[in-house]
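Q: Please see the structure below; I have some questions.
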Amino acid sequence: MADRKKDTTVLEVKYVPVAEKSTELQPESQFKRPDTFYLMFSVASCMLFMITGGSSYVWYSSALVKLGSNDSDINPLGRPITNLETSFLLSMPNFSGIFGALLLPPLSDKTGRKKFLLIMGFGMLVHFVSLAFSTSIIAMVVSASLIGVFFAGGFSIMSLYITELCEEHNRAKYGCINFTCMPLSQLYCYVVGPLFSMRNYILLLSLPVALFMVLFNFAPETPMHLLSKGRETDCIRTLKRLRSNKSQKEIDIDVDKINMGLTTMANGEKANFFTVFKSKEGRVGMLLAMIPLIGTFICGITIIMPLLAPIFNNAGIGISGSTVAIIVGSFKICFYLLTSMLIETAGRRTMLLISSIGCSIPISLLGICFYLNSIDSPILAKVQWLPIVLILLFIFFFSLGLGPLPFTLVNEFFPTDVRSSAVSIATTLCSLILFVYTFTFPLIAGIIGMHSCMWIFGASCLTIGTIIYFWLPETKGKTIHEIQEMLKNY
């Protein structure tokens, strides 16, 4: 009888704490609150920075049309721009962006995310204004290059800012803003460019970042950065504003979660560029991640989008290049929205395979159209609609995979502790490729013709598709641990 009483007492001691823990923590940890207005305002203000930054990649589309004019009232240079000058104007911002992405982001740990982004925004604003009033090609190249430095530095921290501002259930949703703003900024350039002079056009491109400088002052510093600096009171105050629909107990739980994350980061080995290559899975992951990334930059999109207006002005299709650019920019936004709905129903590998093979067909056929135009064939006059259809098909297939997915794979191939280093390495390599591509394209196109360049783009897409088919594994539905095991045994 004494033994039975002893057993009962033991059972009671084990049971009561479990019941208390379950009753106390389950509601707070599982319930998801709707997003507050202050959170949405803070993220929306970031879009203004991204729109101006994204326009720095495609402002050439309308600008090169003006810079190619002999009319000094239209062309601030007073003479047509040369192919070599075009190469420098296109490529140097990509090259300078490497230094912005590598050297500037670490400063945000000292200044804070918010102050750092305001500094990057101010730098972009100053040099956009400088670009607007430039009357020499050297001044234009320098201003555009400095814009590339500040945007590259701000771009990487912007995604980190949004991540640290949000919770687990809404980080992915707001993180997609980075992709949505790119086609929005392109459409903005295509609409505004043909309507205004060179100076006013560039000043209008700087308008979103000027608004960002005003509105972002009302956005908060991230709670994680505040807590990492020992400012717990400020952290709690910020969380209460960002998550004003939460109770004090829920806010305390959020603070504990942030503290746990900071503790884990402090106890772990500090990652650097060399950490990525220490293990087999790191080396294999980087090699595999670069396959679709290279495909993104050599498929032709980085040439076609910035040069859309001048390319189609010379295509002999009977429609102005500016009109084509607006049509393409509008459809690109729709295609990106469609892809966001399809992306989780199909595998990454399947989407990339369809995208790369699909891109090769319309871009190769577009090369035939340019060839017919180069020999003054009467056939093209009968199918003037065909080049527009082909470029829309190209944008559609690009949006299915090669556009939104490559950097997603980089994030999936690497664990959290080395992910930022892996992204920096991948971005640097891609920027070097983009620099070579954008510098050589105007020169090569002048030698072998636009049609031959389109065929090279088509062959590049087909080659990337073949490599994806034979070597790129599927990551859909796999955890980070499962992916690391897969790479270890690759």
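Using N, Cα and C of the backbone, Cβ positions are placed for all residues, glycine too.
Sharing the features that TrEMBL gives for it:
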- 37-60: transmembrane segment (TRANSMEM)
- 47-476: domain 'Major facilitator superfamily (MFS) profile' (DOMAIN)
- 86-104: transmembrane segment (TRANSMEM)
- 116-133: transmembrane segment (TRANSMEM)
- 139-162: transmembrane segment (TRANSMEM)
- 174-195: transmembrane segment (TRANSMEM)
- 201-219: transmembrane segment (TRANSMEM)
- 287-309: transmembrane segment (TRANSMEM)
- 315-338: transmembrane segment (TRANSMEM)
- 350-373: transmembrane segment (TRANSMEM)
- 385-410: transmembrane segment (TRANSMEM)
- 422-448: transmembrane segment (TRANSMEM)
- 454-472: transmembrane segment (TRANSMEM)
Q: If you count every Cβ pair below 8 Å, which range out of 139-162, 201-219, 454-472 shares the most with the transmembrane segment (287-309)?
A: 454-472
Q: On the 0 to 100 pLDDT scale, where does the domain 'Major facilitator superfamily (MFS) profile' (47-476) sit on average?
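A: That region's mean pLDDT is 85.
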Q: Pairs of Cβ atoms less than 8 Å apart decide it: which stretch in 116-133, 315-338, 350-373, 422-448 has the most with the transmembrane segment (385-410)?
A: 350-373
Q: Applying the under-8 angstroms CB criterion, which one of 86-104, 116-133, 139-162, 315-338, 422-448 scores highest with the transmembrane segment (350-373)?
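A: It is 315-338, which has the most Cβ pairs under 8 Å.
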Q: If we call contact 3 or more Cβ pairs under 8 Å (sequence gap 6 or more), are the transmembrane segment (116-133) and the transmembrane segment (315-338) touching?
A: no
Q: Below 8 angstroms Cβ to Cβ, which residues of this chain, lying six or more residues outside the transmembrane segment (37-60), approach it?
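A: Distal contacts: 89-90, 93, 117, 120-121, 124, 128, 144, 147-148, 151, 154-155, 158, 161-162, 165-166, 174, 177-178, 181-182, 184-186, 188-190, 193, 201-202, 205-209, 211-212, 215-216, 218-220, 241-244, 305-308.
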Q: Checking distant contacts: for the transmembrane segment (139-162), what same-chain residues at least six beyond its ends satisfy Cβ-Cβ under 8 A?
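A: Answer is 43, 46, 49-50, 53, 56, 88-89, 92-101, 103-105, 108, 113-114, 116-117, 120-121, 123-124, 127-128, 130-131, 171, 174-175, 177-178, 222, 420, 423-424, 427, 431.
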